[in-house]
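Trainee: The structure follows.
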């Protein structure tokens with residue numbers, strides 16, 4: 001079967017188990033009692049991991065899970081930072097030992113990707129438990145919402161970590177949400193609006209999206225791939241054709257991620273965990289944002305690079321904001337380039353220690369910083385110069401497309417030599433332009449747009 005569809009046996013085994021998370025998650029609805037649900041979530045996740053990656057995968061998963069739980073039991077005042085360091089330390093060790101990026105490039109797979117998601121869940125649990133010791137006035141809104149006052153039981157903790165195979169590809173969610181969903185509390189409790197709404201419509205939509213994404217990926221990948229970037233024909237092309245091929249290669253690679261995230265979204269939706277409340281509109285409609293990991297149109301037609309973390313790998317971006325970016329900002333001070341670079345570097349290390357990953361996320365920090373300069377200039381244009389403002393909007397859109405897909409080349413090829421060679425083939429345009437914009441932003445500082453007194457008071 002694997003040879004018929006052109007993938008390796010390990011990848012086919014993973015795909016079958018990954019798709020199986022949908023019926024497994026649906027069955028969770030019918031398991032009686034909270035304890036039974038936690039046990040089912042833990043055992044089903046461990047069993048799917050065994051079928052997909054082998055017995056050793058669960059041993060790997062057990063290491064950060066046990067380390068995180070022990071720090072919460074023994075060192076609560078420091079459990080957040082300890083789990084962060086231990087979790088990332090073990091993940092980095094696995095990245096170095098398995099060098100899974102090489103396997104992914106060649107169509108292979110191992111448990112490292114699932115370990116990446118699991119690491120974030122373990123860290124968020126410990127940090128939320130750590131936040132439970134702090135005074136409420138010292139916490140940000142996200143910390144107040146997610147903090148844990150009491151230690152979860154071990155079966156609750158393992159059920160959260162492995163929940164029905166959700167650690168395969170995400171999305172990352174908070175343990176407090178998991179506990180309330182399992183116990184039918186919070187937004188999952190029956191209200192005057194009735195019980196939790198049906199998720200079937202949203203699930204079918206996610207599955208249709210997955211089918212379209214896979215079809216587009218299979219259609220495009222024979223034409224735009226890593227081999228083409230390294231082929232002799234690419235070297236003979238001019239600047240514009242090379243740049244356009246880089247764009248198409250990045251676009252093609254993204255459809256694979258869109259497919260994976262659409263399947264994982266369907267699994268979380270069908271379980272009911274994807275429900276995120278009711279809209280304020282009249283009549284009210286259910287919202288299903290908790291499982292959403294990507295806004296495809298938002299990525300492909302982003303008007304600004306600043307919007308990308310809000311629409312790409314959404315739940316991981318949210319995790320990085322809550323557990324890295326916000327916590328590096330000192331009280332009473334505004335975040336700057338340091339917080340942005342530190343967050344992007346954390347994301348790079350989380351993906352693996354390949355030079356291509358590091359370069360991509362440093363590039364993304366430069367891209368976002370340059371985009372902020374364009375946004376400031378755009379905001380400074382008076383309303384009676386609509387044409388100039390619209391021109392800046394288009395420039396920001398074109399800038400995002402070019403720099404994003406230029407940067408993505410490093411994420412795809414991974415090696416330092418290939419990354420620099422492909423960047424150099426288009427004269428490092430995606431590196432030079434953001435740096436020039438940042439430098440110009442320090443010279444050309446438009447006046448801040450005036451705000452009404454009412455706005456200031458608000």
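Glycine is treated like the rest: Cβ placed from N, Cα and C.
The transmembrane segment annotation in TrEMBL covers 6-27, 39-63, 75-99, 199-220, 257-278, 348-370, 391-414, 426-444.
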Trainee: Taking a Cβ cut-off under 8 Å, which residues six or more beyond the ends of the transmembrane segment (39-63) line up next to it in the same chain?
Mentor: 13-14, 17-18, 20-21, 24, 27-28, 31, 90, 94, 109-111, 114-115, 118, 155, 158-168, 182
Trainee: When you scan the chain for residues with a C-beta under 8 Å from the transmembrane segment (6-27), skipping those not six or more beyond its ends, what do you find?
Mentor: 40, 44, 48, 51-53, 107-110, 164-166, 168-169, 203, 260, 263-264, 266-268, 270-271, 273
Trainee: Establish whether the number of Cβ pairs under 8 Å between the transmembrane segment (75-99) and the transmembrane segment (348-370) reaches at least three, counting only pairs separated by 6 or more residues.
Mentor: yes
